[in-house]
Amino acid sequence: MVASRILIGGGGGDEGKLRDEESAKMEDSPSSKKTRLDGRFPLTRWELAVAMTVFSVFVIGLFFIFMKMPAAEYGKIKVPRTISDLRLLKDNLAIYANDHPAQFILGYCSVYIFMQTFMIPGTIFMSLLAGALFGVFRGLLLVVFNATAGASCCYFLSKLIGRPIVNWLWPEKLRFFQGETAKRREKLMNYMLFLRVTPTLPNLFINLASPIVDVPFHVFFLATIVGLIPASFITVRAGLALGELKSVKDLYDFKTLAVLFLIGSVIICPAVLKRKRTYE
């Protein structure tokens, strides 16, 4: 908000200067940014160059990892889009995962972190695959590690070039998130844990918007690594019964969502009680 000013006397030069300051501040406001970004590509050439450089580094790394795989395995690799695709991929990769566990885990982690960093859909299939191939305990460790690493990469990438993208895609949601985090600065960890445990806001949006609204990285990191455990456990465990799963929608029925919101409510309860005592 721009503070009102009182001009005394003529002061034509000062008045012009103040008008320039007002104009500059108005240009930096979220509403004006939204107007400027509507219908335009949100990134400058420098920001686009940075994003493409990071993307290229990941792609080159993935290329060298997969070059070390046996040639016979290339034709069996397909990005799953349905549960049927995932079952076929699991059957094809099970032998390779047993014979070359280190290479497989390296490739799996690289793909998962790459998808999470650049917001590529399909990480839920990767989580199901971890449960199907490694069981609940090892699968859960893999998924939480990769999801947290990918979210952290996305956080730092967004800190570098993400503001115009988020303002372009979700201006209203960003203002809401900024207001909520500002009100909960003293108990920000509880609020971020609540968001991670429950599907209140998409994880993609949280990853991109957190550095923009000044969520400290240590809060973001801890909330991510702890808050993703319940949902990851549900997904990884479902991977054990991959043959019985018909659709991804079956993972999060009403009962499952109710449990997640119950856990989230317990987490955010201390912050709510503290605010209530403050108002009293």
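The first residue you see is number 1, and the count goes up from there.
Each Cβ is built from the backbone N, Cα and C atoms, and glycine gets one as well.
The region 'Disordered' annotation in TrEMBL covers 1-35. The compositional bias 'Basic and acidic residues' annotation in TrEMBL covers 14-35. Per TrEMBL, transmembrane segment is recorded for 48-67, 105-130, 136-157, 219-242, 254-273. What TrEMBL records for 120-239 is domain 'VTT'.
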Seminar exercise, completed: In DSSP terms, the domain 'VTT' (120-239) comprises 101 helix, 0 strand, 19 coil
Problem set entry | Segment confidence, the domain 'VTT' (120-239), expressed as mean pLDDT | 92
